[in-house]
């Protein structure tokens with residue numbers, strides 16, 4: 001008996017060591033990839049003092065950690081879905097014994113823990129540390145900046161906890177719930193993270209439909225469009241003449257007229273960009289022009305249509321079946337049954353749709369006017385803007401598993417703290433979320449595909465000069481002689 005107990009303890013010990021090793025290796029890979037992504041966009045700093053260089057380096061490491069956690073949260077649900085199918089297909093395979101329910105539950109718990117840590121501690125610390133200068137009267141240095149940062153963090157924590165305490169007390173006036181608020185770890189922080197998750201899902205609800213319609217424009221800019229009834233040689237000739245004319249103007253302007261020089265340089269950059277695109281289209285092969293672009297557009301349309309159909313079916317399931325709710329539906333467990341009707345093919349389709357929704361949400365996020373200034377630029381993004389981008393991506397990625405389960409994209413149950421959010425058990429919130437997503441996505445797609453017809457109707461009616469087009473982003477501005485902007 002003692003030998004058996006020792007053997008069981010050894011197996012548990014080796015299993016835990018193996019899980020920690022796998023988690024560490026996965027996170028190390030994500031951290032390295034995140035570091036290269038951030039350094040690609042981070043502004044190359046000029047010669048700085050040692051103190052500022054250390055502060056920037058610490059903020060960079062914290063931002064990289066947050067971006068790695070965001071990537072882990074995005075991969076969480078796809079990894080769990082594919083792991084469930086692998087365990088069903090090869091239940092006794094020796095080489096996949098490391099892949100088990102304990103590992104997957106541990107990954108979900110770590111993702112939840114690190115998301116809370118980054119959102120409430122690391123990112124506020126990085127921002128305040130970057131902006132701090134030290135209190136007046138204290139000796140300047142790293143210690144003074146750390147002290148100021150810690151004080152700001154304590155004040156921020158008191159403010160946020162006080163707001164959540166008042167909000168929860170107003171929502172639920174029960175005495176028992178008031179007393180439970182004093183239990184910080186068991187109630188307060190999960191309640192706060194539940195609110196953040198709800199905000200993230202609402203942000204996804206706003207960004208994803210916009211991104212789904214915007215994806216067609218983005219892919220159209222990245223791919224080479226078919227040259228139907230277009231003479232690229234003539235366009236190249238015209239662009240070359242424009243470039244030469246602007247270059248002659250720049251050479252003839254004196255150095256004292258700085259405003260005109262700056263405007264002409266901007267026009268020259270735009271012309272060069274158009275010329276580069278035309279050269280790329282001219283060099284593209286026939287199959288790239290005539291096959292790749294239509295195939296990608298059709299693929300995007302199919303993925304978007306499947307997403308909307310799945311949401312529509314999920315609405316019907318919610319009305320007739322209580323197990324369709326994202327909270328409280330006890331699943332069969334990992335490796336016990338397939339959660340997709342079509343088995344491995346259905347699981348692969350779910351994973352593709354989850355990644356597609358995440359990419360669309362990011363595209364939609366940066367397409368919103370309020371977040372346009374957040375768009376990172378290569379080698380020209382400040383550290384403050386990088387922190388803002390990391391926080392935004394973290395909120396979106398942390399809410400992605402919740403949104404995917406709420407919309408019925410997958411039937412995989414949310415594990416860890418992701419499945420304990422109170423609002424997931426509210427039928428009216430979940431149903432309203434599905435209805436709003438389906439309606440907003442449909443409206444955005446209809447608006448996208450009917451914009452060309454609408455513009456032609458406005459031109460035919462002579463109303464195109466009234467600027468009724470609802471796509472001001474695509475219009476170009478040109479300065480007039482009196483300094484005002486004219487829309488072309």
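Just so it is clear, glycine is given a Cβ too, placed from its N, Cα and C backbone atoms.
The model shown is predicted, which means the values in this text are computed figures rather than measured ones.
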Of the residue ranges 151-171, 214-234, the one that Swiss-Prot records as transmembrane segment: 151-171
Swiss-Prot: matching membrane side for residue 42 and residue 408: no
Stretch carrying transmembrane segment according to Swiss-Prot (options 426-446, 447-467, 468-488): 426-446
The annotated transmembrane segment range in Swiss-Prot, which must be one of 187-207, 250-270: 187-207
Outside the topological domain 'Cytoplasmic' (360-382), six or more residues from its ends: residues with CB under 8 Å to it: 40-44, 203-204, 206-212, 214-215, 218, 388-389, 392-393, 396, 400
In contact by Cβ distance (the transmembrane segment (339-359), the transmembrane segment (383-403); 3 or more pairs under 8 Å): yes
Of 19-39, 62-82, 110-130, 296-316, 426-446, whichever stretch has the most CB pairs under 8 A to the transmembrane segment (339-359): 62-82
Same-chain residues at least 6 beyond the ends of the transmembrane segment (110-130) whose Cβ lies under 8 Å from its Cβ atoms: 23, 55-56, 58-59, 62-63, 65-66, 69, 72-73, 76, 145-146, 148-149, 152-153, 156-157, 160, 189, 192-193, 196, 383-384, 387, 390-391, 394-395, 398, 416-418
Within-chain partners of the transmembrane segment (296-316) [C-beta distance under 8 Å, separation at least 6 from its ends]: 212, 215-216, 219-220, 223, 324, 349, 352-353, 356-357, 407-409, 431, 434-435, 437-438, 441-442, 445
